[in-house]
Amino acid sequence: MESISMMGSPKSLETFLPNGINGIKDARQVTVGVIGSGDFAKSLTIRLIRCGYHVVIGSRNPKFASEFFPHVVDVTHHEDALTKTNIIFVAIHREHYTSLWDLRHLLVGKILIDVSNNMRVNQYPESNAEYLASLFPDSLIVKGFNVISAWALQLGPKDASRQVYICSNNIQARQQVIELARQLNFIPVDLGSLSSAKEIENLPLRLFTLWRGPVVVAISLATFFFLYSFVRDVIHPYARNQQSDFYKIPIEIVNKTLPIVAITLLSLVYLAGLLAAAYQLYYGTKYRRFPPWLDTWLQCRKQLGLLSFFFAVVHVAYSLCLPMRRSERYLFLNMAYQQVHANIENAWNEEEVWRIEMYISFGIMSLGLLSLLAVTSIPSVSNALNWREFSFIQSTLGYVALLITTFHVLIYGWKRAFAEEYYRFYTPPNFVLALVLPSIVILGKMILLLPCISRKLKRIKKGWEKSQFLDEGMGGAVPHLSPERVTVM
């Protein structure tokens with residue numbers, strides 16, 4: 001929500017919100033209280049002073065605490081601090097809330113901003129802010145600023161996330177704290193009533209929630225394909241010819257694993273969308289919820305795509321290092337000696353030359369498109385695009401990237417997919433396995449692009465239902481569907 005500032009006259013120092021509520025006045029005339037003298041309280045005080053506020057600190061030991069604050073800060077006892085301001089940051093832990101119980105008569109009608117966090121997710125039945133509200137029912141409790149670290153407060157919002165989540169049961173208090181966040185150069189996000197406080201308190205405690213599944217999938221795929229390549233390229237020569245190729249493990253085997261994992265993860269990104277489309281076509285509606293596993297899969301597509309990009313970049317780095325290996329130099333010298341010994345003047349192979357040229361070219365194009373997909377997934381970049389632009393890049397160009405990557409693998413395999421010597425231990429080559437999932441995804445996309453299917457899918461996305469068509473044909477009424485059941489693809 002934007003505020004309207006009276007900047008026409010130097011005497012107009014008040015800020016008015018669109019709903020007519022008086023916002024915070026000029027920062028130089030506002031005193032803000034902070035209860036607590038810890039690291040967060042110190043950083044918050046410095047931030048408030050830089051933005052022109054006068055700060056009063058309430059501490060149990062003001063004489064000792066004053067040594068850690070600037071001299072312009074008024075460090076005093078809790079009781080004295082509470083009488084000097086109407087906006088108070090409660091920068092103490094939950095277990096110390098009761099220390100303010102005897103001073104509750106001084107907190108009547110005042111705004112208490114709870115900035116505390118817990119040690120683990122859902123540690124208590126109710127949020128800290130709701131617990132604070134139960135202790136001081138006559139105060140206006142606001143939850144906010146808990147997602148900002150003390151380090152970010154000191155450095156300023158340019159070096160950290162600028163979003164601050166704020167909620168309160170009192171609209172007027174919430175709007176004042178929102179305006180305060182704007183004055184501190186943060187971006188406030190209004191989450192409504194105090195019932196959202198528990199979700200806000202859980203946000204800083206979550207560790208890559210959406211990344212766990214994709215990372216497990218990536219590690220599992222990497223482990224499987226690494227062992228698969230190890231058995232085929234190291235164990236097989238040793239078992240058959242007593243040839244020791246264990247030197248290939250650090251570079252060559254790893255480099256064979258990386259591209260397979262990259263293209264498989266990229267295929268999983270778009271396979272989820274195909275399954276979702278097939279699900280909607282099967283049931284003839286978009287109002288039926290996806291199964292939990294598919295819903296989770298759809299939410300993790302960004303993480304799968306970024307992991308695919310990571311494996312592709314590492315694959316390029318490994319490939320560039322291949323000629324630098326000592327083993328590669330020895331192999332090159334051996335090939336040169338054998339050519340001289342066989343009296344071969346020209347070893348030019350037109351087919352191999354074209355194959356490698358196209359192979360590298362398609363690889364570069366694939367990496368370029370993956371880089372574009374990765375860059376547009378950055379929030380600041382995606383926010384600058386409208387929905388059609390973002391969808392075109394992530395969907396249309398994404399499928400183009402998958403198609404070019406598939407060509408890259410096909411050209412790498414070339415005729416070797418039909419050569420018997422490449423089926424060691426009766427297992428197909430690595431590149432054959434890498435082509436299975438991308439081929440399924442590309443074939444599935446081609447089926448969805450057929451006019452008879454794409455038209456039906458577009459109608460479903462616009463709200464058409466199979467049951468509605470049947471009911472209309474029979475002259476029946478369509479039952480009302482709650483908007484809560486709507487699942488957008």
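Backbone N, Cα and C define each Cβ position, glycine as well.
Scan Swiss-Prot for phosphoserine across S9, S482 and the hit is S482. Among the listed stretches 258-278, 304-324, 431-451, the one sharing the most Cβ pairs under 8 Å with the transmembrane segment (358-378) is 304-324. Comparing CA positions across the binding-site residues S59, Y228, Y318, H408, the one lying closest to Q394 (FAD binding site) turns out to be H408. The transmembrane segment (207-227) and the transmembrane segment (392-412) are not in contact, since fewer than 3 Cβ pairs between them lie under 8 Å (pairs 6 or more apart in sequence). DSSP assignment over the domain 'Ferric oxidoreductase' (258-406) gives 125 helix, 0 strand, 24 coil. Mean model confidence for the domain 'Ferric oxidoreductase' (258-406) is a pLDDT of 93.
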